[in-house]
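Novice: Before I ask anything, let me first share the structure, which is written out below as structure tokens.
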Amino acid sequence: MSGLEVIGGISAIISLLDASIKIYDSARNDIKLSATFEVVRRRLPVLLHILETCKNNLESRKDAIPEDVCEALERCLDACDAKASNLRGIFEKIIPGESDTWEKRYLKVLRKLGKGSRVEELMRSITEDVQVIVNHNAVRSGDPQQKLELENIIQEMNELEPSVPDKNKTMTFHSGGGAQTNNLNTGGGQQINNNAPITTQNFGPVTLRYKEDFSFRGPVGINLGQAPYIASELFVGRGLELDEITKVLCPNHKAQRQQRLVLGGMGGIGKTQLAIAYAESVRGSYSSVFWLNAVSEAALKDSFRSIAGLIFDIEEPGLLEDKQVVRRVHQWLCTPENTGWLLIFDNYDDLDQFQIDCYYPPASHGAIVVTSRRPDHVAGTPLHIKPLQNVEDSLAILQTRSKRENVQSDPHAKRLAERLAGLPLALATAGTYLQRSTFTFERYLKEYEKRWNINPRRPLQLKEYQERTLYTTWDLSYSALEKEDPDAAKILKLLAYFDNQRLWYELFHAGITESSPEWLREVMADDVNFAEVMGVLAGYYFLDVHQISDSWSMHNCVHDWTLAALNKDVDAKHYWYAFDCISASINDDNADGFVNRSYSPLAAHATRLVLQRFCQDNIICNIAAHRLDQASRIAELLRKQVRLLTAEQMYQRALAGYEKALGPDHTSTLGTVHNLGLLYSDQGKLKEAEEMYQRALAGKEKAVGPDHMSTLSTVHNLGNLYSAQGKLKEAEEMYQQALAGKEKAVGPDHTSTLSTVHNLGLLYSDQGKLKEAEEMYQRALVGKEKSVGPDHTSTLSTVHSLGLLYKNQGKLKEAEEMYQQALAGYEKALGPDHTSTLSAVHSLGLLYKNQGKLKEAEEMYQRALAGYEKALSPDHTSTLSTVHNLGNLYSDQGKLKEAEEMYQQALAGYEKALGPDHTSTLSAVHNLGNLYKNQGKLKEAEEMYQRALAGFKKALGPDHTSTLSAVHSLGLLYKNQGKLKEAEEMYQRALAGYEKALGPDHMSTLSTVHNLGKLYSDQGKLKEAEEMYQRALAGKEKSVGPDHTSTLSTIHCLGLLYSDQGKLKEAEEMYQRALAGYEKALGPDHTSTLSTVHNLGLLYSDQGKLKEAEEMYQRALAGFEKALGPDHMSTLSTVHNLGLLYKNQGKLKEAEEMYQ
């Protein structure tokens, strides 16, 4: 309904009432009607005048009336229109006809229209409807005199002699619905009464008929009256809360005193629904249950009238005096025999209006439940209702409301549920909207983030939430807060500019200056004042207090409301105060410390500064010159905390500010350009990173010279970038330039010089120049031990890298020694939970995995994972890297389901933190392809490989080693699919790329040569296969030595080849050599060792050495069962071959057992 339609509705009522007057006047001369009719006729023009005034007032602003107000008025207008039509109908019917008197005709009309249709009743009800219309907040057309006139009409109608005399008869109550006087809500409920002999008693001005013993006025059962109804299937969860209510109220035990419980919680948390659900769940435990509307004192008195009507069999409870009603109901509730009742006082939120305990029955029995947003001010045991803690409950609400399937497994639905943080009203609103919309859960969340109020024209009003909307539910509390504590209301508005999860005093105090408003300086004068104000907000359920961390937090949806409703216009002063608070709270001089978890809450607040709303209003675009350094520092904090998108936005704003204030060539400007290069490198935007570095380098060379340490730092980072791009030659040139410059500028033993030496070691390691890499590491290690000591974290970093080198060389014992040394040093210097310590733990996990110590590897990964989650966050890239490697481990263990879960978690995290095209994301995609290949899901595997290949090619180029790795994996896949031609093309492409990028002797090159040998073997090209294996073997023996596990793998495959060629003697030599090497390098129980044992069994079987074959199979089987479990494919393959062996030996029983 629109504003124009509201005016049309009022016009229609005016027409009906005017017609009633004309019809009545036309009959006046022919018949003599009762005095009651005359009074009604006399008062109708007053109503007409008031409605005409209302209509005229609305004409000028009909287009400005909110749509939800129009919809609410529509119901009242429709009801009033129906009553006015009935009144006109009565006047039409009583005009003289051919038979019957006017009284008889009137009675016929009343019988047809039903109860409540007498002219005085209709007139009173029409007047009440007019009251609602003209007094509505959005209309407000009635002046004080008109309001008084309306009250007088109602009073006069109440005092009139009935137009038809009452006939004494017993009243029967039944199921039905009704409307609340003077508001716009409607509802339904069940009323139950019993019958008995009756007598009469005077009760105020009304004659009441009651039963002379208590049994007549006994229990009335459950009567929820006009309580907002919720269907049972829509009420989700809250089992613990229902148990707690039952525990407090003890419905099945006779208590010695009245039981009182106060359900407290923010608006929209579901207090009313919980109270009603409790009443329904224990309906057999209470003899009488009543719901009372405590939203206002008038509404509460109306509820008592309804109860009086039930208890005392009153036909017109609306005519009773307030005090008499409450007193009589209290008397009934206080009767000693009547102890099993429950009263629910709902929505007692406006504490200044009246005292709720004045309406408690003065009895030592019974139970009372009060729902309130201010439970601390209400007598009773408080139970604070929190948001739904279980995301499955939130998803259940979304599913039942949206009527959509598979919600529990929809990741976008889960993200929406997490975003709405368990607030039932928000979840119900979202679900109901989605039921009526074609939006997906993903689209709804996007729109919610963009504008919060998704449907401003027709905000959803849910009857079970008393037609409040998500967008208005906290308005009442805010109005009360403004009256009680204006400063607290201002702080609530201010909190929209901060994050909502960690709010502590020092953060807000840090931004106070002499120019801060006086009220704010008073609040922040000390932590006591601050805590008092925050306590007031917590009392209104705007905040939650966390005593352990001495901080406060705000629910997500309340936080959204503070910005959308309380800050419709962004307040620049509030914004820059938040900015100053954050920048002043960054204490570390060394940005390396920003990675620590202690800065995570501050980074969350910093993220709020680049909220889209603030960017749209151009607040952040105008950073004052004196704030530019702080903006750059905040951006650095965000980068170190891996909030890369928000860091980029802050860097961009700072850069624009520097360029405007200082010019494009100033060192501060160039420093920000350099840092943007670091950021783009972190994001995997290597092209953009290179552009930034090149700009910074050219500017610095011009401004401070090529030999300045700042210039050399950029040169060094360009080396890092080229290394990441796979441009290893260019990277080496940059490192050598940086090294020469630093040796000249600060000397060969300076830590900055040694840092470049260290990175040269990393580069040589990537190039497969392991000897040169070791030389660099050793130089860096000696220099650091001399300059900063053996226990310095920089020294330990080189020790750690040496461990990585030894691992790549196959020197697993030496690698473990380095890792253990680094780990012990980090634990001593930084503690067991520092990220550097965890990095060493993680590397140990990788090493143990390579050694086949899968249990120990998992322990290391789990320790690293728990530490990273605590120190950084579950979404940090270091955490995700560990999750990723856990996936690799589970894959090796044959736990493919668990592996997939880890890969999916890592992939989702990388996509969120770094984007879908970052190399870390693509690496997770690549490994998912490996997993799907191992699971036999070859189509899904190919999709993953192709996505990884396309991504790497775009990000790094077609010749980068990561791109070539994806090409290589596609070759493996095509081989498994039997597409041998396509597989050979992929291998040849990968081989050519590796030879060009890394050289013919690099391990990646040799690995491809090895796999080409396997392919040729499968194709039956045994000569070509042997050539590939021999080339791979010679290269590996030269690069990593004859005892490296990779070398042994090629020896093993040569054994398989010789076996296929019938060269059984040569095959046995290869197997024995591989077996001895694996046992030495990895131990007798490693899966690679066991695989060789298994193949020796096959060889012995082919040679007819059945006893030796059985020994090999038994050893392999016992080892696989221990390492991988009885259901792994390697285990089952060995079982199968044992069965064949037993069959050949004539041991048919044992063979059958194996096959079973």
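Note that Cβ sites are derived from N, Cα and C of the backbone, with glycine treated the same way.
Annotations per TrEMBL:
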- 10-132: domain 'NACHT-NTPase and P-loop NTPases N-terminal' (DOMAIN)
- 243-381: domain 'NB-ARC' (DOMAIN)
- 670-703: repeat 'TPR' (REPEAT)
- 712-745: repeat 'TPR' (REPEAT)
- 754-787: repeat 'TPR' (REPEAT)
- 796-829: repeat 'TPR' (REPEAT)
- 838-871: repeat 'TPR' (REPEAT)
- 880-913: repeat 'TPR' (REPEAT)
- 922-955: repeat 'TPR' (REPEAT)
- 964-997: repeat 'TPR' (REPEAT)
- 1006-1039: repeat 'TPR' (REPEAT)
- 1048-1081: repeat 'TPR' (REPEAT)
- 1090-1123: repeat 'TPR' (REPEAT)
Novice: On the 0 to 100 pLDDT scale, where does the domain 'NB-ARC' (243-381) sit on average?
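Specialist: Summing pLDDT over the domain 'NB-ARC' (243-381) and dividing by its length gives 84.
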Novice: Could you give the number of helix, strand and coil residues in the repeat 'TPR' (1048-1081) as assigned by DSSP?
Specialist: 32 helix, 0 strand, 2 coil
Novice: Residue list, the repeat 'TPR' (670-703) vs rest of chain: Cβ under 8 Å, 6 or more residues beyond ends.
Specialist: 632, 635-636, 639, 642, 644, 647-648, 651-652, 654-655, 658, 664, 710-711, 713-715, 717-718, 720-721, 724-725, 914-915, 917-921, 955-956
Novice: Could you give me the DSSP helix, strand and coil counts for the repeat 'TPR' (1090-1123)?
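Specialist: Going through the repeat 'TPR' (1090-1123) residue by residue, I get 32 helix, 0 strand, 2 coil.
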Novice: Can you work out which residues elsewhere in the same chain, 6+ from the ends of the repeat 'TPR' (964-997), have a Cβ less than 8 Å from its Cβ atoms?
Specialist: 726, 728, 926, 929-930, 933, 938, 941-942, 945-946, 948-949, 952, 958, 1004-1005, 1007-1009, 1011-1012, 1014-1015, 1018-1019
Novice: Across the repeat 'TPR' (964-997), what are the DSSP residue counts per state (helix, strand, coil)?
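Specialist: Within the repeat 'TPR' (964-997) the tally stands at 31 helix, 0 strand, 3 coil.
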Novice: Is the repeat 'TPR' (1006-1039) packed against any residues at least 6 beyond its ends, judged by a Cβ distance under 8 Å, and which are they?
Specialist: 768, 770, 968, 971-972, 975, 980, 983-984, 987-988, 990-991, 994, 1000, 1046-1047, 1049-1051, 1053-1054, 1056-1057, 1060-1061
Novice: Under 8 Å between C-beta atoms and at least six residues away from its ends: which parts of the chain pack against the repeat 'TPR' (1090-1123)?
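Specialist: Same-chain contacts beyond the flanks: 852, 854, 893, 1052, 1055-1056, 1059, 1064, 1067-1068, 1071-1072, 1074-1075, 1078, 1084, 1130-1131, 1133-1135, 1137-1138, 1140-1141, 1144-1145.
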Novice: Residue counts in helix (H, G, I), strand (E, B) and coil for the repeat 'TPR' (796-829), per DSSP?
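Specialist: Once the DSSP states are binned, the repeat 'TPR' (796-829) shows 31 helix, 0 strand, 3 coil.
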